[in-house]
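**Student:** Just passing along the structure, written as structure tokens.
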Amino acid sequence: MNHRLSLSLDFIRLAAALLVLLHHFSYERFTGNFLSFIRQLELGHDAVVIFFVLSGYVICHAVSRTNKGFLDYMSRRLARLYSVLLPAIFIVLFLDVLGTAVAHQVYDGKIANSHILMRGIINLLFLQEWQFFSIRFSSDGPLWSLGYEFWYYCIFGVFWFIDKPLYRYLLICTLAFFIGLKILLLMPIWWLGVVVYNQHKKQGSTLYSRRAVSLIGLVTPFIIYMMYKTSHLSQLSSDVSGFLLTYFFSDLNFNNSGLFINDIFVALLFAVSLYFLPAGLSHINFSVGRRVNAFIRKAAGATLTIYILHFPFLLFTYASLSQFSAVTPLWLDSVALVLVILCCYFISLFTEAKKQPYQIHIFAILDFAKCSLVRSANKRLR
């Protein structure tokens, strides 16, 4: 992956994280009708779809470049998640307890604190979206996507690292049966990233041959997306998704998979654009200064922390502001937004930026578990 493509992917990842933040920032309880179009068009949810496609692409690139086995792969993936998730559990609890004490009305309908210990354990095990359950931890609704992402990591890891086809597909089927249809509905979205990366790897320099085709392929999906979101087709896709799920599965809860037709369509559009991105970049003459480059890299390194912690910080910030004014002016909303981003970035310096110790310890635990299983199996064979 060349520098320009890598930087572009970091920029897209950062933009997607900020779009999710702006989606929640546009809630009426925070800013009234300011930026309400983001909420009305469900742009924040579409940004999560983009995250899934990017994740599949980047993970496939990572294992293609450094293939050190399944344990190394899983330790890296778990370190990525737990380096943020473990501190986030305690930060969210602290913010929510303090925020509800200051202004409980800001939290009405946005906090799930019954059986909080059990909720925390379930989220730490990435079982919050298992089967047809949706188990929210306190005010941190965005944690739902980690309950999808982790299992996509697992299934991809089995597919990539297990050599024997019988064992590979048996394990994949077992995992699929365990996690349930709700999570599987959005798995094609994640897998699109894998498909695009493999196409890039196979075609290599042939991608860069035709300027007009590459630029059209890069821009056209975005135009189609804007036309789709501003027309009745977006609502139609939501209605059809709801009808199909209700017709075939009656009262089962699909929650964040309930817009699966919209999500798959948006993912396909982004995948097409991503496919033409390397070629498009090769035909666009632009340069990014060293400071801008460093800013994008550093900010993109905080995206998971921003994604996981922005909503609890938004609630806490507006709970604090409500003590001074029931309605906040636009300039104060802007200050609150910047403050939330800065808080998340500061925390990321001690979470995402410190993944290595997590990886070392997680690898040791996984290796110990593997050795224990092997010893146990050998004893039984004797």
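Cβ atoms are placed via backbone N, Cα and C, with glycine included.
Whatever TrEMBL says is automated annotation, not expert-curated.
As listed in TrEMBL for this protein:
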type	residues	note
DOMAIN	8-348	domain 'Acyltransferase 3'
TRANSMEM	7-27	transmembrane segment
TRANSMEM	47-64	transmembrane segment
TRANSMEM	84-104	transmembrane segment
TRANSMEM	145-162	transmembrane segment
TRANSMEM	168-196	transmembrane segment
TRANSMEM	208-228	transmembrane segment
TRANSMEM	259-278	transmembrane segment
TRANSMEM	299-318	transmembrane segment
TRANSMEM	330-350	transmembrane segment
**Student:** Which one of these stretches, 47-64, 84-104, 208-228, has the most C-beta pairs shorter than 8 Å to the transmembrane segment (145-162)?
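**Tutor:** The stretch with the most close Cβ contacts to the transmembrane segment (145-162) is 47-64.
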**Student:** Pairs of Cβ atoms less than 8 Å apart decide it: which stretch in 7-27, 84-104, 168-196, 208-228, 299-318 has the most with the transmembrane segment (47-64)?
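**Tutor:** Stretch with maximum Cβ contacts: 168-196.
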**Student:** Using Cβ atoms and a strict cutoff of less than 8 Å, what residues sit near the transmembrane segment (7-27) while being 6 or more residues removed from its termini?
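**Tutor:** Distant contacts of the transmembrane segment (7-27): 1, 34-36, 38-39, 42-48, 50-51, 54, 57-58, 142, 277, 281, 288, 293, 296-297, 299-300, 303-304, 306-307, 310-311, 314, 333, 337, 340-341.
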**Student:** Using a Cβ cut-off under 8 Å, which residues of the same chain at least 6 positions beyond either end of the transmembrane segment (259-278) come close to it?
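**Tutor:** Those are 2, 5, 8, 42, 45-46, 49-50, 52-54, 57, 185-186, 188-189, 192-193, 195-196, 199-200, 207-208, 213-215, 217-222, 224-225, 228, 234, 237-238, 240-241, 244-245, in sequence order.
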**Student:** Using a Cβ cut-off of under 8 Å, list the residues of the same chain at least 6 residues beyond the transmembrane segment (299-318) that approach it.
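**Tutor:** Residues 10-11, 13-14, 16-18, 20-21, 24-25, 29-30, 51, 80-81, 84-85, 88, 91-92, 95-96, 98-99, 103, 106-107, 110, 138-143, 145-146, 328, 336, 339-341, 343-345, 347-348, 351-353 contact the transmembrane segment (299-318) from elsewhere in the chain.
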